[in-house]
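Encoded as structure tokens, the structure appears first; notes follow it.
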Amino acid sequence: MLIPSKLSRPVRLDHTVVRERLLAKLSGANNFRLALVTSPAGYGKTTLVSQWAAGKNELGWYSLDEGDNQQERFASYLIAAIQQATGGHCSTSEAMAQKRQYASLTSLFAQLFIELAQWHRPLYLVIDDYHLITNPVIHDAMRFFLRHQPENFTLVVLSRNLPQLGIANLRVRDQLLEIGSQQLAFNHQEAKQFFDRRLSSPIEAAESSRMCDDVAGWATALQLIALSARQNHTSAHHSARRLAGINASHLSDYLVDEVLDNVDVSTRHFLLKSAILRSMNDALIVRVTGEENGQMRLEEIERQGLFLQRMDDTGEWFSYHPLFGSFLRQRCQWELAAELPEIHRAAAESWMEQGFPSEAIHHALAAGDAQMLRDILLNHAWGLFNHSELALLEESLKALPWESLLENPRLVLLQAWLMQSQHRYSEVNTLLARAEQEIKGVMDGTLHAEFNALRAQVAINDGNPEEAERLAKLALDELPLAWFYSRIVATSVHGEVLHCKGDLSQSLSLMQQTEQMARHHDVWHYALWSLIQQSEIQFAQGFLQAAWETQERAFQLIKEQQHLEQLPMHEFLVRIRAQLLWAWARLDEAEASARSGIAVLSTFQPQQQLQCLTLLVQCSLARGDLDNARSQLNRLENLLGNGRYHCDWISNADKVRVIYWQLTGDKKSAANWLRHTPKPAFANNHFLQGQWRNIARAQILLGEFEPAEIVLEELNENARSLRLMSDLNRNLLLLNQLYWQSGRKNDAQRVLLDALQLANRTGFISHFVIEGEAMAQQLRQLIQLNTLPEMEQHRAQRILREINQHHRHKFAHFDEGFVERLLNHPDVPELIRTSPLTQREWQVLGLIYSGYSNEQIAGELAVAATTIKTHIRNLYQKLGVAHRQDAVQHAQQLLKMMGYGV
């Protein structure tokens, strides 16, 4: 629950001075991105801005306290304030904030701005006491907020110091409205108005001006002068002389002498006890101070001018002026030290009764009452955990003695889940093992099963599938059906383990069960995870259309539960969509998906972007754009050297490196990589198959055909046994290259036919295209034989078109520079030298060599088909050939002579 008073603008009191000159300046705030009001305590920042805010309906107010340094708490209140200002316009952002289901503050703010793009009227958000924020993550997020907020949005920040919000940049760009302490200081006219409203006897203007000068226009000092004069029946001038030169850091003695010592004992105790509350209402006051009518007492203190201010229009919530509240809390520690723990306990009880467990924990910690803290956690800790109050929970659990945790082992489980959420895997197992060893008596079987479910999740995250499977099975055997969360975790882990082991059908079944349970119990992140896993399994099985449809369901889930869009898991989904699009040669869409994945991870460590970057390299390679691929590989290799990655990630990164070396003939890099790359022990899943395939590709590049063939034959055996049909399709293509390069043309044709047939199921295109000219030559031969079944014939033509489109190095060889070098080559055929082709005829020869039909050549060169026939007839005559295949062979011989590996 959110405390209402933190979202209420302060009530404007009748006796306050209206700061007309400053309000005039603030009236233009809508022309600036940021209005910044800064000064030390007591200069009237909050009062001024509350005057300006009066009458503005589309304005949110957020009063900070020290607890708002928790990112999740900050986000919840900030979004709630904007919801108040917009009348609930940003419902998606509100749901994400309430459920704590966003990747970072910046991603939450990005969603907020999407919703605010449809809000066209001026909008304001006031954040009071920003100096209390010390969390650098919040500072970074607010800098992002200021950079990207809509043009009709103005942020108003009140702070005792200059906040870390990129102020200089805003100032240079004239996007900053500033009001500082010199402007906030009362002038003579305002001081006179102030005293006229506060003192029963008017004072002369000259006297008022002298007092204003004595305290340099400091509003708090003026208030103290008036209070002292009323309480002691002394002249205001005498009080002013005492305050001259005093600042906020030297007020304590003065406040004791002039305020505390001048109220009765009952009021003094009320002030000291109530000061422990960051905000207060009738029920809290009754419990903390023992007063029977808390509301009446608060209103009386307000009337006495004792620095108490209303926090909302209802008048139910109050707080002390920050300067006075800080002073009172310090005095309370000195004067009521013995009573202080009991006062905090009373506050905690009252907060609990009103449904604010996080505030209750704050007071239980301050009371040092481990038993009370334990009881609050037992009743509310899991709710706080599900709302990501992780920092508060960690602080609370650290405050409990180990014996208390052992007596309440579900708190041990909570502490372990906290560690798991922070990727402290080894600590999780150490903690649980210690607890099991030291818990007295027989441990509850259900709790033990929950321990095992968590251990299973840790094991799979840490790359230990065997242990994960054992623990997940134990958990599922012992967990009651009602313990749905742990059952979802254990089922998901078991399914993931079976995926790793290559048992795809059973893994798919378990992931479907996980999805059903997760949807039923609204555990949406596990529902999304299970859909992603299902899609990966279907891809591995070769059912790419089914994988596509599962991905569509996952995208629909994200659309329905929009908070999921902010999770890193969203990147996983768009990444596997990019992989599928790449396989189908939809390269522009694949690249866009990969880049959207990088955008999802923009606030995370760069290492997290490795997989999407790998896909960008793949797209460049499939297009034959080796320069761009090299540039992207430089970044990829830098990331590889600065992180620890799952073997799947390494396999994918190595794949594009080895393909690049193949396309550029870089045998040195391939040999070096092969020497230092460990060979996996198995090949029973897609990422282990992938790394073995990388090894075989490097061996083929180095001419090590025999060991490469052994590897590929074993991979095929495993792939057929485990029904890893997509891997089988890839393996056949690489085996085709091995046979082709080793001169075994019949074997090459046989496995290519198998690969084409299997591609009817997988839909693979780019996997053929990436093999370049060797694949193009074979496909041209198969097409000319005219023996392929209709579907394979159609696919072969499509693949050849893609190769011709993206791998233009064949055509580029017949440009003017190439022709000039060719004609000057000592081995050029005499017929070419004595009867040279025109530049257009060279272009036509290049396109014939690339497999273009006459119609395609005409379209490529934008001329009539009859013109192309004339060019072909002329070049045939000059080359001394009669048939198209003879021209292709002649072009191939010329390319070989010039040193091109065709």
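Using the three backbone atoms N, Cα and C, a Cβ is placed for every residue, glycine included.
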Between 274-293, 554-573, 854-873, which stretch does Swiss-Prot give the note DNA-binding region?
854-873
Are there residues of the same chain, six or more positions away from GLY44 (ATP binding site), whose CB falls under 8 angstroms from its CB, and which are they?
ARG19, LEU184, PHE186, ALA219
List, in sequence order, the residues of the same chain other than SER39, PRO40, ALA41, GLY42, TYR43, GLY44, LYS45, THR46 whose Cβ lies within 8 Å of the centroid of the Cβ atoms of the recorded ATP site.
ARG160, SER181, LEU184, ALA219, THR220
Which has the fewest other CB atoms in a 10 Å radius around its CB: PRO40, GLY42, the listed binding-site residues?
PRO40
In the chain carrying THR46 (ATP binding site), residues 6 or more apart in sequence that have Cβ under 8 angstroms from it:
PRO10, ASP128, LEU158, GLN309
C-beta crowding around SER39 (ATP binding site), within 10 angstroms:
22
Within 10 Å of the Cβ of LYS45 (ATP binding site), how many other Cβ atoms can you find? Include all protein chains, please.
24
Let me know the most crowded of the binding-site residues, choosing from ALA41, TYR43 and counting other Cβ atoms within 10 Å.
TYR43
Under DSSP, is LYS45 (ATP binding site) helix, strand or coil?
helix
